[in-house]
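**Q** Below you will find the structure I want to go over with you.
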């Protein structure tokens, strides 16, 4: 089979399963409204949970940062790309979340891959929740260590896997809020079992940071858990992009020496770091509390209105509210019908989610209003 035949066969298989991913160019897509092909839609596919992507103070901070530092960092942080803006953001994140150090990464995917690649050796073992993000599972699969997966949020299964002999160290990996189901991990129980077996805990809290807990400190703070490795991302609650790893000083020093994604990547622009500092300030003050409270009320309104629909509603109290349809083609058809009626909703299909669980992944944000939720419910009931 030639290269072209191999590529064609893979694409044909995706098409046959109604699983071919497509991109849609949008003129505006992060806020309450999405604009595409000169039409405006209510946007229920954005991860901008607090509605900060268009916040005037954050936009102004980025503009002022670009005027001061330029539009790029100019290099790796180990060469010339680590600015006083990066340093200030790291210090503010560490203070906010109660860690000694924070290290910035260009994306959450890069942060997860970097930590696992740098930390794990052949004699070690990763024990990951089966529904962990692709970046975590791919990094674990590519690492020299053994990968074992425990049933989703099943602490008993986790304990059984940790109890089996391991010549090296064990790292337990999970998420705070799961990206496709929107449910939360029982972090306190997971940490207790992990500590009983002398392991370390790594939590990816991409969908909890900024959105839940006191001052938006996220899932771990809410559950009074402090994992050895905490990954936070800035493309969701912060409304920007990028990520950070929170850890001890010695682990930070270690990652600065051995995390290749840090050493060999251009740093995020300093202007972006300035925007993130402004976003963090909003998240921490009363305005952040008000946005989180509004989001909670929107979620409650939505969940109360979908109980009698013929779909499976995931057990989620987060901004991620999946309606599980099951069949790929049915999910695609339903998403298209909703778009035709002015609601931009995305159908998520295997391999992103398990076979037979194709869904509409609805996301609610503080930028929405109650009438937006009511319109979404009206359209869903009309097509249920």
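Sequential numbering from 1, following the chain as shown.
Even glycines carry a Cβ here, placed using N, Cα and C.
Heads up, here are the entries from Swiss-Prot:
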type: BINDING; residues: 21, 133, 352; note: substrate binding site
type: BINDING; residues: 108, 109, 179, 207, 233; note: pyridoxal 5'-phosphate binding site
type: MOD_RES; residues: 236; note: N6-(pyridoxal phosphate)lysine
**Q** If you draw a 10 Å sphere on the Cβ of residue 179 (pyridoxal 5'-phosphate binding site), how many other Cβ atoms land inside?
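**A** Here the count is 22.
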**Q** Any idea what DSSP makes of residue 109 (pyridoxal 5'-phosphate binding site), helix, strand or coil?
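**A** In the DSSP reduction, residue 109 (pyridoxal 5'-phosphate binding site) maps to helix.
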**Q** Between the Cα atoms of residue 236 (N6-(pyridoxal phosphate)lysine) and residue 133 (substrate binding site), find the distance and write it as a whole number of Å.
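**A** So the alpha carbons of residue 236 (N6-(pyridoxal phosphate)lysine) and residue 133 (substrate binding site) sit roughly 15 Å from each other.
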**Q** According to DSSP, does residue 352 (substrate binding site) fall in a helix, a strand, or coil?
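**A** It is coil.
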**Q** Do me a favour and check the Cα-Cα span between residue 352 (substrate binding site) and residue 233 (pyridoxal 5'-phosphate binding site); whole Å is fine.
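**A** That comes out at 20 Å between the alpha carbons.
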**Q** Between the recorded positions 21, 236, whose Cβ has more other Cβ atoms within 10 Å than any of the rest?
**A** 236
**Q** Quick check: which same-chain residues outside 108, 109, 179, 207, 233 lie with their CB within 8 A of the centre of the pyridoxal 5'-phosphate site CB atoms?
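**A** For the pyridoxal 5'-phosphate site, the extra neighbours are 133, 135, 204, 206, 231, 235, 236, 243.
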